[in-house]
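Only one structure is covered here, and it is reproduced in the block below.
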Amino acid sequence: MMMVARVATAEHVGSAGASLPQTPGSRSFALGAHPGPQKRIGGPAQGQTAFITPLVTPDGIYSRPSSPYMQASPLLKGSESGGSAGSPQSPDAPSSASGASVGNAIGSGYTGNVSVAIRIKPSESSTKDPWYASNDRLIHTEFGEFQFDHVFTKGVCNQEVYQALGVPIIDKLFEGYNATIFAYGMTGSGKTFTMSGNKQEPGLIPQCVGNIFDRISSEHHGASLAYEVKVSYLEIYNEKIYDLLNYVDRQAGSTGQPSRNATGLKIRDDSKYGVKVVDLTEQLVSSHEDVMKWIATGDRNRKTGETDFNTRSSRSHAIVLLRLTRYDLKTGSEATSTLSLCDLAGSERAVTQIVRRKEGAFINKSLLALGTVIAKLSMLGSQANGLQPSPAAGHIPYRDSKLTRILQPALTGDSIITTICTIDSKAESSTETTNTVRFASRAKNIALNVRKNEMDSHAEKDTIIQNLRKQLDEQHETIVMLRRSAAAPSGNGSTSPLDSPGVGGTSLSERTHNMEKGLLEVENSILKTKLEHCEKLLDKDMMVLEDPHVREIVEMLPLDIASVLESKVQGMESQLRQYRVYVQKLESDLLKAQRNIITTHSVQFNRQSTANVQEKYGSDVDIELLLEEQEAELMELRNALKRKDKMIEALQSARRLRDSALSPTTTVLLQRKESVIDPRDPQPV
């Protein structure tokens, strides 16, 4: 027994970013509820099909006869969950947010609403269509009038769609904004044709790619900018993500389908892109032909199948990612912007085939999650426009599906988004068309602030780097010159400044080397002295107490107390002796170092003054550097002397502390000693 259940049709709602600037022929309207009276005429009863008289013909507009059914319009349900987003509006009603979808560039950001376009699929049926378009308005006598940024009628070609939607998106892409275009609609309504097209009539994807490389070619003539383009292609099939450009995952067979493992690719949070598909292939491309070749490869790997509406229908959501990186060759900075071109699978009713029913369930689940996200964002947009806040606008469930998870950065203000919703105006598709229009109405209510991926000039940092590089080059040249002059004398027999003889017949380079060697030996000796000092402090000093008063006090105390006190005093005296020896050693080393420096200075400049050296050899950088090094060494020795003084002060403080600790004990012992009666003293009578 086979159970055939109807899969819940999504009240789909699409991805949102920020709207595009106003283009020729486009108008933006607020979709708030019409304050005036509305005509509410219901549709057909459940299970019945209504064949409605056409509202527009080549000869004009006809009035529609009254419907025998007086039920509430299903479109009015949108006002219950989505505020005014799903409510029709009279053409004469005032717009509370007129021009909301027209973005405004403020500083380094972009504000506006989602740009929404409707495209009506041409119908060959003789049945009269209930929907018609007029001046970017979609009109249905029962449901009312809906106004969008663009409404493309049946005679509009892909080139016109691209001029209205694609060109502004590419302009914003080159300004540094991320951009997203996605097609939404029921199965067989023309989404894939709008996005991909055919050889005779290319769709949005090939035309956007061509425009990108045309812009790169025109802007590349200036030598200050360089561009890099990478392409990726993924699909979401049965809530799993697959890489359509990964040849490794292809099965060895004639099916031509990629192997779909049990897990698919994973999504991870990314600091740069918001979210990132791990291990997704990125192919570097250099021309329009390269991109289309990779997209064709992905199309062959994409999962398709036959449905009731199409012989070759998309059974997965497909997303083409184009990453455009712009390099400023003058400053070395870069900026990356991403164009996402999404062809979403269409919702459909359950079918009898098990595979198709499973695919449809996953598709409807993801579209339903997308619809929920859009509905909540629409509520937030209504609150931003000053309308009454809705209690349902709380947590936004981006993680309910892979589709909403990937679109999360765009929906949260990381991308300018244009949505093109394709509908079939036939009466047989009335339910799906109604859901699509409700989706478009809610999406248009979303307001976002899009961040711009600006090229960080770092002017101050670049100046510092240039100065440091210049200084490094100068020092490198000086070092090379010194090494050459120290290696061999010049060809005319003259000696270099470093090789000029000084006192004792030694050259300056030799004296410098000897001085450095002496300083290293002094430093090594000081370190050895410190090590010996620390080792001695670890050993317990068992020398007899030198202070006779302290020895007398210790002898008068009980044995246990006397031993403890003697041990403590011995340790303190041992430390004092070690400190004295250490201080004397430091003073001796410091005196020797000062004498060596004075001697070195006299050796260097004894026979010739600084003025004579400069007169003979010009501005001698070597001597200046040597003087600077000696100044630094002298400063280190002075610091060592300061540390010695601080150490002496610490020892003196410890001595005072010891004296203060022993003074009460000494007083008590002396008093006790005086109280003892000496037998030799005369006894009182």
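A Cβ is built for glycine as well, from the same backbone N, Cα and C atoms used for every other residue.
Here Swiss-Prot flags Gly185, Met186, Thr187, Gly188, Ser189, Gly190, Lys191, Thr192 as ATP binding site, drawing on sequence analysis. Sequence annotations record features per position, and here Swiss-Prot assigns coiled coil to 464-486, 520-663 based on sequence analysis. The compositional bias 'Low complexity' annotation in Swiss-Prot covers 86-101. Look at Swiss-Prot and you will find 113-446 tagged as domain 'Kinesin motor', backed by sequence analysis. Among the features that Swiss-Prot reports, region 'Disordered' is placed at 11-46, 63-101, 485-510.
Annotated features, which come from Swiss-Prot, shown on the structure.
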residue	record	contacts (Cβ under 8 Å, 6+ apart)
Gly185	ATP binding site	Lys191, Gly346, Cys421, Thr422, Ile423, Glu432, Thr436
Ser189	ATP binding site	Lys121, Gly346, Thr422, Ile423, Asp424, Ser429, Glu432, Thr436
Gly190	ATP binding site	Arg119, Lys121, Thr422
Thr192	ATP binding site	Ala183, Gly203, Ser314, Asp343
Average model confidence [pLDDT] within the coiled coil (520-663): 68
Cβ atoms near Thr187 (ATP binding site) (within 10 Å, other residues, all chains): 22
In three-state DSSP terms, the structure that Gly185 (ATP binding site) belongs to: strand
For Met186 (ATP binding site), the number of other Cβ atoms found within 10 Å of its own Cβ: 25
For the binding-site residues Gly188, Lys191, the one whose C-beta sees the most other C-beta atoms within 10 angstroms: Lys191
